[in-house]
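Taken straight from TrEMBL:
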type	residues	note
DOMAIN	43-292	domain 'G-protein coupled receptors family 1 profile'
TRANSMEM	28-50	transmembrane segment
TRANSMEM	62-80	transmembrane segment
TRANSMEM	100-122	transmembrane segment
TRANSMEM	142-166	transmembrane segment
TRANSMEM	202-227	transmembrane segment
TRANSMEM	239-262	transmembrane segment
TRANSMEM	274-294	transmembrane segment
Amino acid sequence: MPESWANGSLAGDFVLLGFAHVPALRPLLAPLFLAMFLLTLLGNALIAALTGLDPGLRAPMYFFLRQLALLEICFSLDVAPRLLLTLLRPGRGVAPAACALQLLLVLSCVTSECFLLTAMAWDRYVAICRPLRYGAIMSPRLCHLLAAACWLAGVPVALVFTVWLFSFPFCGPRGIRHFFCDIAPLLSLVCADTRVFEANVLAATVLVIMVPFCLIATSYVLILATVLQMPSATGRHKALSTCASHLIVVVLFYGTTGVIHLRPKASYSPESKQVVSLSYTLVTPMLNPLIYSLRNKEFLTVWTANSATQWIQNHRESRVEHASFRTTDSSFYSVLKSCSSILGRS
């Protein structure tokens, strides 16, 4: 790693050193991460569009799924472009304000996703355990209030810790051994006592990550107890199938964010933290559309119906254009024949 990279291209700038330990792989990682980023945007944008425009996907479950897709798009737009720039132009400096903004958005998105996954688990609990009151409880007004609370809840938490962290003095080289600005790599550059800050980060992490996780686990315990009491095997399978996609996403998300954020100064190597961070910054947002769409029959039905309708419409338009061309072609030849006959008579 060149010393100029670690010291920053400009005085006071940070330098992201993501995957600097494998410089030979950088040209290969860049197109791979670019493809993952584009798939993430395409898949989540498709889910957001279908759940927002199709009348058959207006249930609260699909409303929260649209919010998750939009959140994943915001998360990817915050992390992936900077990662690609780091791989393609290593050593490029990052202004402290830009680094602070990225940290603010990352913490806000992670916090909002924790709460949003909890709201989605509660929606499944009400649908399965209180089916007769589901429509009355999960009203459109309540769904919008829950979504707004999930989006806004991450802002004050992220703002407090971002301002607090950047109030510390940073000494020595400004190389951040990560592919985005996060708490753990930034703490390693601070030359001050951060024990109070770390204690507060741990407390906030327990509240933001562990409390929602416990609520999600409680919801699924109650759901499982209700499903086991159902007399029909078909009903049990249908009830569990509506929860399977959400449960997979919860395991992927919490399994990686917990490792990183519960111990910000843990003994894990920076290189291993980068690999784990890839799971919830690139892999999980890319897989979410696949997990939800492939395991949801209603979503697949709507997607197939829209695709078939679009194909039929395009086919009809092409036939109309072809028929119009043939009509024009016949008229042209009729005009030629008339001209030929007139010339022959003359």
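Here the Cβ of each residue, glycine as well, is placed from N, Cα and C on the backbone.
Fair warning: this is a prediction, and the values are worked out from it, not measured in the lab.
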Relative to the transmembrane segment (202-227), which of 28-50, 62-80, 100-122, 239-262, 274-294 accounts for the most Cβ pairs at distances under 8 Å?
239-262
How about the transmembrane segment (142-166) and the transmembrane segment (28-50): do they have 3 or more C-beta pairs under 8 A, pairs 6 or more apart in sequence?
no
Sequence-remote partners of the transmembrane segment (100-122) [C-beta within less than 8 Å, at least six residues beyond its ends]:
61, 64-65, 67-68, 71, 74-75, 78-79, 82, 146-147, 149-151, 153-155, 157-159, 161-162, 165-166, 180-183, 186, 208-209, 212-213, 215-216, 219-220, 246, 249-250, 253, 257, 261, 280
